[in-house]
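Chemist: I'd like to ask you about the structure that follows.
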Amino acid sequence: MYVCGPTVYDTAHIGNARSIVVYDVLFQLLKFCYGKATYVRNITDIDDKIINAANEKDSSIESISTYYTRAFHEDMRSINCVEPTHEPKAAENIKYIIELIEYLLQSGHAYESNKHIYFSIESYPEYGALSGKKIDELEHGSRVEVGENKKHPGDFVLWKPANDTDYKLSSYWNSPWGEGRPGWHIECSAMSYAYLGKDFDIHGGGIDLQFPHHENEIAQNKSAFAGSMFAKYWVHNGSLTVNKEKMSKSLFNIVKVRDLLDSGIKGEVIRYALFKTHYRKPLDWTESVISESQETLNKFYRLLRGIDVASIEKSDVEVSRDFIETLKNDLNIPEALAILHEMATKINKTNNENEKLKLTESFIKSARFIGLLESSYQEWFTAGISYQEIKRLIDLRKVAKQNKDYDAADKIRDQLKQMGVTISDNEDGTTTW
């Protein structure tokens, strides 16, 4: 499986995160079903946006891309995403990029014009099959570079000559066509070829990449390698809006994963919120989505009280079969979450302790299959809260009760509850939490 990864010029926003968590779950499912799966997710570290960021900050593209790649990894770990099998960078695969361009030139699908190498979309009769676009209907300048030296306005650049900014930032490489750098589309084509070969099973990415990026990848790879299927299946996750508006700098509504984490929202809450709608459908990000996700996870974690979660992996209890079958049905994560809710209800209604334990173990394993319930009860409800602070408040409440100041005692109980700490008064006068 090949998935288009981030362009590392800034920290990840929730739109980026949605794509990552979708293919993270798909990767787990593929491994479960087939025993082994190879997941390649690239890092785009050669791009105009990175060059602009480096120029603005008087830095180098290597410094910018290294910094934001590290930030991306930290953010994705925070929302419980596993690392892919391979994570190639464009700058480390120039050899394969040049090789692929040479194949396209030799086969007549690419041409040189004014020191640029372009792909000729008219040379590939199936162009537009993925997106439903037709060559004669393509608008001039539709997310492809337009220039006077193209044979068709939809032709896109494979290699561009270095300019003054490229020389200043060392963002250029030697090639048979002179010093320059690759176009965006050829980078992914070359990296999927380098790590998965001419043909592989699944290609994923956001719906915004379907055209022109994925359409262009297909044209490049199938033109370079006669008879190639390239990717057998294409998977696209839906778009994400914020309060029903498209995320954009002009609207000042870009929601960064890092900002959410810094505001005290747990990574697992962010992950759950990104699962709220089917992966192919649009997702609208709102405050209520976050609060509902927090409440649901609090409810789930209360079922873990007294459970030794460290021993769960050793248990012979399996992930719910219904849960797995639901995920197999077009990765229906919202329906899988509904099954978790059903399991939680059964656990609460069951009086038989052995049955309750088995149900809880299956519940935890099922949730962990999609990256949820990775903490213990204690860790979840005391994250960011010190043991000393909890003890101090419990002691204050005890004093308030002794002084018959029950209003103060109730306020402290409510304060602890808001912190996620549930307390229970025992017959011997002690309090557990």
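Just so you know, glycine gets a Cβ as well, placed from its N, Cα and C.
Feature annotation from Swiss-Prot assigns Zn(2+) binding site to CYS4, CYS188, HIS213, GLU217; the stated evidence is sequence analysis. If you look up Swiss-Prot, you'll see 6-16 marked as motif ''HIGH' region'. Marked as motif ''KMSKS' region' by Swiss-Prot: 246-250. Taken from Swiss-Prot, the feature ATP binding site applies to LYS249, supported by sequence analysis.
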Chemist: Compute the average pLDDT of the predicted model within the motif ''KMSKS' region' (246-250).
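Modeler: Average per-residue pLDDT within the motif ''KMSKS' region' (246-250): 90.
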Chemist: Treating G and I as helix alongside H, and B as strand alongside E, what does DSSP give for the motif ''KMSKS' region' (246-250) in helix, strand and coil?
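Modeler: The motif ''KMSKS' region' (246-250) comes out at 2 helix, 1 strand, 2 coil.
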Chemist: Using an 8 Å cut-off from the Cβ centroid of CYS4, CYS188, HIS213, GLU217, can you name the remaining same-chain residues around the Zn(2+) site, in sequence order?
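Modeler: Close Cβ neighbours, site residues excluded: TRP184, HIS185, GLU187, SER189, HIS203, GLY205, LEU209, HIS214, ASN216.
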Chemist: What residue among the binding-site residues HIS213, LYS249 has the most other CB atoms lying within 10 A of its CB?
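Modeler: Selected residue: HIS213.
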Chemist: Out of CYS4, CYS188, GLU217, which has the highest number of nearby Cβ atoms, where nearby means within 10 Å of its Cβ, if these are the binding-site residues?
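Modeler: That would be CYS188, with the highest Cβ count within 10 Å.
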Chemist: Could you give me three numbers for the motif ''HIGH' region' (6-16), the DSSP helix, strand and coil residue counts?
Modeler: 3 helix, 2 strand, 6 coil
Chemist: What is the interatomic distance between the Cα atoms of CYS4 (Zn(2+) binding site) and LYS249 (ATP binding site), given in whole Å?
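Modeler: If we compare the Cα positions of CYS4 (Zn(2+) binding site) and LYS249 (ATP binding site), the gap is 22 Å.
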Chemist: Between LYS249 (ATP binding site) and HIS213 (Zn(2+) binding site), what C-alpha distance do you get in Å?
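Modeler: Each residue's Cα considered, LYS249 (ATP binding site) and HIS213 (Zn(2+) binding site) end up 22 Å apart.
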